[in-house]
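Since the structure comes first, as structure tokens, the remarks are kept for the end.
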Amino acid sequence: MATLLRSKLTNVATSVSNKSQAKVSGMFARMGFQAATDEEAVGFAHCDDLDFEHRQGLQMDILKAEGEPGGEEGSEPPVEGDIHYQRGGAPLPPSGSKDQAVGAGGEFGGQDKPKITAWEAGWNVTNAIQGMFVLGLPYAILHGGYLGLFLIIFAAVVCCYTGKILIACLYEENEDGEVVRVRDSYVAIANACCAPRFPTLGGRVVNVAQIIELVMTCILYVVVSGNLMYNSFPGLPVSQKSWSIIATAVLLPCAFLKNLKAVSKFSLLCTLAHFVINILVIAYCLSRARDWAWEKVKFYIDVKKFPISIGIIVFSYTSQIFLPSLEGNMQQPSEFHCMMNWTHIAACVLKGLFALVAYLTWADETKEVITDNLPGSIRAVVNIFLVAKALLSYPLPFFAAVEVLEKSLFQEGSRAFFPACYGGDGRLKSWGLTLRCALVVFTLLMAIYVPHFALLMGLTGSLTGAGLCFLLPSLFHLRLLWRKLLWHQVFFDVAIFVIGGICSVSGFVHSLEGLIEAYRTNAED
């Protein structure tokens with residue numbers, strides 16, 4: 001009896017907490033925060049939900065075991081309407097009718113979640129592809145000239161197309177000929193492509209690519225913070241490595257994050273601040289329009305460094321990671337294609353103009369981060385804002401990477417490689433905290449030993465950006481829907497796969513060579 005009373009009281013408290021969180025989530029959704037609200041949160045619209053569901057699920061497992069018939073003497077069936085979660089986060093419907101089940105249609109599910117409009121979804125995609133890594137595009141024009149501008153347009157077209165075909169892989173026709181959504185994530189698509197022989201291989205490949213891209217994004221934030229502070233205050237006796245260490249010390253509390261509610265409120269402010277910074281840079285460039293060096297923009301390319309530019313441009317368009325989640329949270333999923341069109345057209349125009357006018361202003365003196373070219377009086381102010389944005393953006397990809405690692409290695413029951421990171425009471429265990437701290441320190445070490453923003457960005461774009469945006473979507477589309485594709489669709493998919501593969505390999509090799517050369521130079525100094 002005491003056990004049953006404790007179970008019911010805990011369920012009541014949980015229900016109140018869930019409703020409160022649902023109201024907060026609804027408020028953020030109406031403001032456009034239902035999906036990723038920053039360029040790299042990019043990637044995992046449900047990280048916050050996964051975090052809460054996991055820790056809540058551990059407690060519900062215990063309650064379910066105690067409350068099941070036969071589990072304890074005198075126990076009763078679950079009260080109708082109670083929420084019971086498994087360790088994997090999959091809801092178990094309570095006794096009663098199907099309409100009373102909480103799972104997919106409950107407070108944690110998709111039906112009762114506040115949906116977002118096409119404009120809000122477009123805002124999220126814009127945040128993903130118009131982030132602070134746009135600051136590296138003028139450097140790509142330096143080594144690519146007009147071909148670099150063409151690549152900005154080409155990458156927008158291809159990424160828009162692959163985003164659409166990736167969403168098409170979520171749907172299949174049922175026996176009645178109706179198109180229904182049978183998958184809900186990039187990982188689910190990958191697993192479906194590798195089934196039945198290797199049902200989990202595709203998901204593991206996608207998870208590894210996601211982890212690499214997210215961790216590299218965190219490293220880039222530390223690198224750009226150290227670079228900007230060093231160039232803003234060159235008179236101070238503080239090296240770029242020391243600034244990176246200071247930035248990491250500020251970021252260390254990220255290891256204690258349990259969810260993203262503490263930082264999500266800054267996302268909109270950070271994004272608006274970045275747009276203002278872009279406008280300031282363009283305004284300064286326009287004020288020097290008379291001195292623009294049109295003759296410096298060439299049709300030839302730097303064969304050795306242009307492949308690095310390809311990675312930079314591709315990385316600036318990466319948004320495919322979170323598109324399945326985003327489309328699933330739209331009020332009208334039929335508007336997804338239109339939303340992808342106008343967001344990528346806008347991104348293409350803005351990126352092309354920004355890269356061109358910035359390069360015309362500084363020509364051969366264009367630096368890896370374009371704000372470093374600004375006059376000292378303006379540069380310090382702009383760079384401080386950019387550093388603040390980088391530090392506030394760091395927790396989002398960091399938390400997403402931690403979620404993938406914990407889910408892959410610590411949370412899959414008997415298949416887990418290591419013990420769970422959370423205790424039965426939902427508290428983070430010591431080795432879970434150690435994992436998070438080690439990840440923060442790892443980003444610092446990489447930023448110290450490889451402090452090259454453009455090379456790291458090119459390497460990441462060539463390795464995971466091209467894979468997630470070009471190679472895998474086209475391959476999955478051919479594998480799952482090849483019987484229904486028209487000949488020109490097959491041609492496009494094959495062409496994108498081949499071109500993406502060539503660009504990926506070339507960019508990766510040249511970026512890696514550049515990093516090795518830069519490392520040797522630093523070692524000699």
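Backbone N, Cα and C define each Cβ position, glycine as well.
TrEMBL does not curate its annotations; it predicts them automatically.
Among the residue ranges 243-263, 306-326, the one that TrEMBL annotates as transmembrane segment is 306-326. Taking residue pairs at least 6 apart in sequence, the transmembrane segment (147-171) and the transmembrane segment (490-509) share three or more C-beta contacts under 8 angstroms.
Count of Cβ pairs under 8 Å against the transmembrane segment (338-360): among 147-171, 211-230, 266-286, 380-405, 433-450, the largest is for 147-171.
Residues 40, 43, 132-133, 135, 238-244, 246-248, 251, 318, 321, 368-369, 371-372, 383-384, 386-387, 390-391, 393-394, 397-398, 400-401, 404-405, 439, 442-444, 446-447, 450-453, 456-457, 459-460, 463-465, 468 of the same chain lie 6 or more positions beyond the ends of the transmembrane segment (211-230) yet place their CB under 8 Å from a CB of it. Here the transmembrane segment (456-478) sits against the transmembrane segment (147-171); at least 3 CB pairs are under 8 Å, leaving out pairs fewer than 6 apart in sequence.
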